[in-house]
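Annotated in TrEMBL:
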- 7-28: transmembrane segment (TRANSMEM)
- 34-56: transmembrane segment (TRANSMEM)
- 68-88: transmembrane segment (TRANSMEM)
- 94-112: transmembrane segment (TRANSMEM)
- 124-144: transmembrane segment (TRANSMEM)
- 150-174: transmembrane segment (TRANSMEM)
Amino acid sequence: MKNQRTMIKWSEIIVGIIFLIAAYFAFISPVATLLSFAILFGLAAIFRGIIAIIGYSDLKKVTGQNATLALVIGILEIIVGIVFLFNMGLAVSVLAYTFAFWFIIDSVSGLLNVNRTRALGNGAYWFSFIINLLGVVIGISLLFNPITAGLTLSFLVGFYFLLFGIESIVLGIMKK
């Protein structure tokens with residue numbers, strides 16, 4: 001059990017680092033970022049999906065709640081990641097909508113599971129709550145303003161990756 005928790009702790013930190021790298025590239029080269037986003041998004045989605053599936057049973061034990069949503073999201077993330085890696089044309093053409101749905105779904109899932117951070121303290125709880133709420137807002141803005149999203153996609157996605165990269169690293173460090 002301790003080895004699985006240690007693996008999940010390090011996986012949070014690795015996901016956070018991947019997101020911070022993606023944020024860095026989004027901010028320094030917005031035009032060249034779209035294709036990189038497709039690749040990084042595919043890899044991150046596959047990695048997050050695998051971690052969600054691995055952590056499914058642990059999440060159920062820790063929260064005492066039905067963790068089926070985590071399992072379903074893990075499977076969906078793996079499928080989306082594979083599609084992005086093997087069909088770049090499709091990936092780039094639907095990037096804004098894909099990111100919008102990913103941000104919304106991932107952030108809503110985070111909000112539904114935010115109680116698991118209570119054990120880490122009130123600061124961790126509110127930090128996670130606010131980060132996930134911002135993720136929903138960014139996702140909705142991408143979804144309902146596709147032209148604006150196309151023009152500002154690199155910045156919005158970079159901001160999302162920055163927020164969730166920081167959250168993943170902080171939560172990974174705080175886990176015992």
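Note that Cβ sites are derived from N, Cα and C of the backbone, with glycine treated the same way.
Through the fold, the transmembrane segment (150-174) approaches residues 9-13, 15-20, 22-27, 30-31, 33-34, 37, 95-96, 99, 103, 106, 117, 120-121, 124, 127-128, 131, 134-135, 138, 141-142 of its own chain, all at least 6 residues removed from its boundaries and within a Cβ separation under 8 Å. Most Cβ pairs under 8 A with the transmembrane segment (7-28) among the ranges 34-56, 68-88, 94-112 are made by 34-56.
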